[in-house]
Amino acid sequence: MALTIFNRISIAEIAIYTPALSIAVFLASHHGFRKNAGWLYLVIVSVARIVGSSLNLATVNDRSNANLIVASQVMYSIGVSALVICLSNLLGRVLLGIRRQGTCTFISPQHQRLAQVVILIGLVLSIVGQGRMSEEIGNAIDVTGPTIVTVPSESQAGLGLIMAALGFVALGTLVTMLQARTVEPGEKRLLFGIALALPFMIVRIVFSGLATFGTDPRFRSYGGVESFVWYFLGMGVIMELMIVLILEGVGLTLKRQTGAVSVGRWRGVKHGGN
């Protein structure tokens, strides 16, 4: 069968995210898999995009396989959630550096952990919702005329939670920017990198919101219009790629943070040291 535009996008994603995965693995191993979990989530994002794109390409020989389509969409949900957690954890690294200097931060470790729990619950709900869409997607594939796939309430609730968590990360970044003078010199690049990546993440989430909550056919993969693919490319694929490029680029310039700990272990960190 001939390749669709979506298939070509998948090929491009595999070509881009394969080296991105190598860089993410290097960053995670250099900075520490457990010490700075933000870099680990870049690995998860890259793997999710490679696997999701591969599943999409697998539909070339089986266009009616709803399971492949749903599995590919699940990978996209995992990637979006992982990006938000990545931003949250990298912000946590900056906040930890501030606390070490004896300065209190508006965002506490408990806030960070709560945000991660909210994101994970949102991801689980999104996956459950997409599983429920499997039968409808299968029916939509067999219909030649216009058709609409109803987005389950679980998917809507899941995305709502992820949106709320991203709002928390954006607020935390804004407040931390106001404390930029207290940020460790090397970590300022990371803080500004997070701030630079956030607009792209917001556009990506807005695209998901329009597709999940809206009725505009331009943002509907089923029952929509042909221009959907270009919105998907511009507001989805490219936005994610920009985030990964920014974070990996900044990560390569950072020194290893000595004595850093993961979010789950911040409770034992005291002001001014470990």
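Glycine residues also receive a Cβ, built from the backbone N, Cα and C atoms like all the rest.
Per TrEMBL, these features apply:
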type     : residues : note
DOMAIN   : 4-256    : domain 'DUF7702'
TRANSMEM : 6-27     : transmembrane segment
TRANSMEM : 39-58    : transmembrane segment
TRANSMEM : 70-92    : transmembrane segment
TRANSMEM : 113-131  : transmembrane segment
TRANSMEM : 157-178  : transmembrane segment
TRANSMEM : 190-213  : transmembrane segment
TRANSMEM : 228-247  : transmembrane segment
Selected stretch (most C-beta pairs under 8 A with the transmembrane segment (157-178)) from 6-27, 39-58, 113-131, 190-213: 113-131
Average pLDDT across the domain 'DUF7702' (4-256), rounded to a whole number: 87
